[in-house]
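Undergrad: Here's a structure for you.
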Amino acid sequence: MLRAPRCLLWTSVAPAAALAAALLSSFARCSLLEPRDPVASSLSPYFGTKTRYEDVSPGLLAGTEAPWRDPELLEGTCTPVQLVALIRHGTRYPTAKQIRKLRQLHGLLQARGSRDGGASSTGSRDLGAALADWPLWYADWMDGQLVEKGRQDMRQLALRLASLFPTLFSLENYGRLRLITSSKHRCVDSGAAFLQGLWQHYHPGLPPPDIADMECGPPRVNDKLMRFFDHCEKFLTEVERNATALYHVEAFKTGPEMQNILKKVAATLQVPVNDLNADLIQVAFFTCSFDLAIKGVKSPWCDVFDIDDAKKKGEVLEYLNDLKQYWKRGYGYTINSRSSCTLFQDIFQHLDKAVEQKQRSQPVSSPVILQFGHAETLLPLLSLMGYFKDKEPLTAYNYKEQMHRKFRSGHIVPYASNLIFVLYHCENAKTPKEQFQVQMLLNEKVLPLAYSQETVSFYEDLKNHYKDILQSCQTSEECELAKANSTSDEL
């Protein structure tokens, strides 16, 4: 059940914004999704990076704060001594760009309704008319900010991790927590909500103090780590600002799969097919996801993708989103992942320091490092490590062949997704090499090693496998523009 916030996290907003926030709070408390809703459950797997965390972590649905434990986690004589977590922000509002596109579509439906009175050929009220009358409550000020459900995502994640690794998240260690964040408000606010969740763990029933007054201090902004892509000139030039870099995304929009959906949606909404395009179809799909994730309601936008055809439409629209993530953040261009080398090396610097301190019988100075970023932070790093790589690249022309692909962004980086490195010290190790072992978790489930499918690695072996990245990947060199710009590294 969604909880009302204990306190407002902003102090002054425009009256219209305050009203919208009040309405949102009311919806969040009173208009919860029916748990067996067929449309919501059939569309939910296909929302890509707009996917709710609980939809890809069904084990959490029984009790989102229950300390579910993956049976593959090490225990016994191996004690966790450090945890380094990369955490995507929680559920957020649409961006201003997405809101503008929604207004465009909403205006189109309202214009159509004013022409024909909103009645279908049989005289009944149709879906297009219902959507025209559906309150468009999204406002420009929202622009990607964290919502109350997103704060709840973070508080609950904090409670679960603290229960899963009690020695690391002990009250004694609270003052030694290190929090790093992207400068975006949704990430800063996610870090703050996580700390509130830990406070709830330590002091049940007591309201948390201001973040600035907490012993560990507020999250520290570091965009060079958490938004490394903004600081990589080669990526910015060859991918971000390159009109042809997302060729396969644009080609798929005009391909037969998307055009078939375009025609069906135009018929459903009773608007000329020429008035619609793939971008407007996608914004309608994502509006269904936002209403579901933020307010917990199934809005009429979901009905655009009717029950009979929901799975097929969902799969096509998911592929469109995955194409963008693949070519902009994944394996499409080498620089996508190589730009994350600094972040990868930073993780191992923390682990190295912890190993060195344990070898000297010293306490680990930073037992928990929490880094709050974006889907765009996690996907390149996972690609750098070799995860979710398909035999063939995703293209505009092999949709059917990629139906069972590994690269499904919604299953990898939903809201509140997390990649966790856990360093263990094993007391009864037979050799020095066996003393330190590492496990990785993705979304709280043990992530087998990309190169061996084992669920645990000796720390030394893990470092050796990624030796090239740790020793030879220099961001200044990787991100330096060649004299002649080229995207010839396309797969």
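Any Cβ shown, glycine's included, is placed from N, Cα and C.
TrEMBL does not curate its annotations; it predicts them automatically.
Annotations for this protein, taken from TrEMBL, read as follows:
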type	residues	note
DISULFID	C78-C426	disulfide bond
DISULFID	C288-C302	disulfide bond
Undergrad: Hey, which of the disulfide-bonded residues C78, C288, C302, C426 is the loneliest by Cβ count within 10 Å?
TA: C426
Undergrad: Return only the integer: C-alpha distance in Å from C302 (disulfide bond) to C78 (disulfide bond).
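TA: Answer for this pair: 48 Å between alpha carbons.
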Undergrad: Given C426 (disulfide bond) and C288 (disulfide bond), what distance in Å do their CA atoms have, once rounded to a whole number?
TA: 48
Undergrad: Rounded to a whole angstrom, what is the C-alpha distance between C78 (disulfide bond) and C288 (disulfide bond)?
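TA: Here the two Cα atoms lie 45 Å apart.
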